[in-house]
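Taken verbatim from Swiss-Prot:
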BINDING   ARG48  NADP(+) binding site
BINDING   ARG125, SER126, SER127, GLY284, LYS299, PRO300, THR301, PRO302, SER303, ARG325  FMN binding site
Amino acid sequence: MSGSSFGSIFKIATWGESHGKGIGVVVDGCPAGLTLNEEMIQTFLNRRKPGQTKYSTPRKEDDLVTILSGVFEGKTTGTPISMMIANETARSADYSEIASFYRPGHADYTFDAKYGFRDYRGGGRSSGRETIGRVAAGAIAAALLKELGIEVFTYTKSIGPIQIDYHKCQKENLTLSPLCMPDLEASQKAEDYLEQCIHNLDSSGGMIECIISGVPAGIGEPVFDKLDAQLAKAIFSIGAVKGFEIGSGFEVAKQLGSENNDGFAFDANGKLIKLTNHSGGILGGISDGSEIIFRAAIKPTPSIKKEQQTVNKSGENINVSIKGRHDPIIVPRAVVVVEAMAALTLADLLLSGMSSKMDYVKKIYQK
């Protein structure tokens, strides 16, 4: 299977299946000397692991990371960093029935169409557990970005019809909400909405917003490797994502040029600033120094107990109700996955951008 790697300089390759012995990732291209330990990575993994709230799958996994290589005495060595997380509570028997039919909304049919074979146990490689490797790698990228004063903040913007405004939220409330929704009043309304979904044997989708601050102007490559194009690729590679927009996004189709253009000015300290941020912090595929803001639309969990129509391998039309342990909503656990992919994208482009000016090269190599 191709397509399991991401990045050009700061590169990752994930491996493993939902019900295999473990999930892992290899990170290549991380500079030597970055402070790193398993606890730092575990903090990220704990944000996505299952079974922590009533709104995530009851499958209990500790998701404990083991660093196998690339770190010595708390510092990265510059060699590939290999990490593994064991699958400890897989219940493959829950999935034996689905070997004979295609689950609506899943990749069962398309994997069969491409490979003529599929691992039906929890979706195999197409399972959401694949994102564990991304999150572990993203923790390393986030540590690198932190050294440069760059912060990636990601949260649940909406669940079903319940939507919040970032500017009216308090970041510290993020960990107080089981849904990663920093507006606690809205979070409670979203919980009530999810209770209705569960009662109706259904699931819900939602939206995740990411705000990246501290990115200097000049990051990203024009034409095919634009910063916004790379972010879109990264976020769309997450299985549950079905939509992506940056800045004002699809609203720009309704705006006039005079409304959409972001004016420039100098602040009291003589620093160039933008008066608005409809562009989402990117112009011409290159960061402009303001906050990078994007949103990802997450589809409802496809595994639901409500009866749905499908077909089996005997050529029959059938009705199915999906059994097993599944999230009524993917969004809260996907928040850190989106954050990880954003961090990986920025880390890769920052490192590749070091050769864009002769001044940068001289700072490193001139004697």
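Residue 1 is the first one shown; counting continues down the chain.
Just so it is clear, glycine is given a Cβ too, placed from its N, Cα and C backbone atoms.
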Number of Cβ atoms other than its own within 10 Å, given for THR301 (FMN binding site): 22
Cβ neighbours within the same chain of LYS299 (FMN binding site) - under 8 Å, at least six residues apart: GLY105, GLY205, ALA240, VAL241, LYS242, ILE330
Of ARG48, ARG125 (the binding-site residues), the residue whose Cβ has the fewest other Cβ atoms within 10 Å: ARG125
The residue listed as 'NADP(+) binding site' versus SER127 (FMN binding site) - Cα distance in angstrom: 14
Between ARG48 (NADP(+) binding site) and THR301 (FMN binding site), the C-alpha gap once rounded to whole angstrom: 15
Three-state secondary structure, SER303 (FMN binding site) (per DSSP): coil
SER303 (FMN binding site), number of other Cβ atoms within 10 Å: 22
ARG125 (FMN binding site) in three-state DSSP notation: helix
